[in-house]
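J.: A single structure is presented below for examination.
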Amino acid sequence: MDLFEYQARDLFAKHDVPVLAGEVIDTPEAAREITERLGGKSVVKAQVKVGGRGKAGGVKLAASADEAVARATDILGMDIKGHTVHKVMIAETAPEIVEEYYVSFLLDRANRTFLSIASVEGGVEIEEVAATRPEAVAKTPIDAIDGVTPEKAREIVEAAKFPAEVADKVADILVKLWDTFIKEDALLVEVNPLAKVVSGDVIALDGKVSLDDNAEFRHPDFEALHDKAAANPLEAAAKEKNLNYVKLDGEVGIIGNGAGLVMSTLDVVAYAGEAHGNVKPANFLDIGGGASAQVMANGLEIILGDPDVRSVFVNVFGGITACDEVANGIVQALKLLEDRGEKVEKPLVVRLDGNNAELGRKILTDANHPLVQRVDTMDGAADKAAELAHAAAK
């Protein structure tokens, strides 16, 4: 889960990383009181999870409370690289900046360790610095057990050649950033720029944090960090039902058991779709191993609620998940929707194989629902689902 800048700033403050004061708002007029509290001037910063805000006009200085309101009015609702601005942060203006640095901690998946990246050339994309001046970027592996001690922080500072007058302050901030990284179960903690100001202080002016969704059970407060305004409503509904669902841009709804089978199903449907108007998969939905009839019903309800879906392909290989449970789930889901008075018009193609496949097929045959078609091979079912989706578009 990627955080907004204001959320990253709050986490930094929680772990005693020096930051500037600021508050997030979603209405322009609220900028007035905050700016007055900050001394009559502020920086209005768009809160979007994408870089390049400044170049896009999403970061503006305000020399008065009235100007802050005007800036907030301009920025709220702005589109920045496909992201709509729903909130802005009204932040304290930074003292005169003398130098800008870059520091981060991240999970190095390739080497199965943690990594520190630091540079005295901050304020720009670190990828640009690495490409043009690789010697200016210091990469230091971090032992998962030892972590970042004051001694390790000094090693990072020396490797990146930070000026002597800020070495101790940067080292102290590195220890606190590591504390943030570990205690918040982060995958990335980045400060860019980490600025030396005219007073000699070193302050985190902008930050990026990505948290590990798999660790959310350890952090009840993470729930409040989710961006509900930008969330796809189908993905949000699936999350509430503990379903592994990702919305895609096609027309064939996909349900399968096991991530590998679902990924294969996406490929087979995409291939079949080439012969049927280039229809594509509309989603990834894994109901998992041992899924009950209720889980199947929940998944089907999500997919049938997607207006882009024209047909549904249910592809199940019974192992822990018994095919009769899946079949019962399909029958239950259709009955549930119809009992609510909802119009179910999208055809379902069902392929069942493996554990209790014959019983599952019999349940579907006995139910005799006009929208459900049984196809007993994966390729044949994919072709039929693509054909039906294409026909529905005509």
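Note that Cβ sites are derived from N, Cα and C of the backbone, with glycine treated the same way.
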J.: Same substrate site as GLY319, ILE320, THR321 according to Swiss-Prot: which of ASN242, ASN244, ASN257?
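T.: My reading of Swiss-Prot gives ASN257 as the candidate in that site.
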J.: Taking the Cβ of GLY54 (ATP binding site) as centre, how many other Cβ atoms lie within 10 Å?
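T.: Taking every protein chain into account, the count is 12.
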J.: Per DSSP, to which secondary structure element type does LYS45 (ATP binding site) belong, with helix, strand and coil as the options?
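T.: DSSP call for LYS45 (ATP binding site): strand.
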J.: Considering only the binding-site residues GLY52, GLU100, ASN257, ILE320, which fall within 10 Å of ASN192 (Mg(2+) binding site) when distances are taken between Cα atoms?
T.: GLU100
J.: Taking the Cβ of GLY52 (ATP binding site) as reference, which residues of that chain separated by at least 6 in sequence fall under 8 Å from it?
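T.: Correct list: ILE80, LYS81.
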J.: Round to a whole number and give the Cα-to-Cα distance in Å for the pair ILE320 (substrate binding site) and GLU100 (ATP binding site).
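T.: A Cα-Cα distance of 56 Å.
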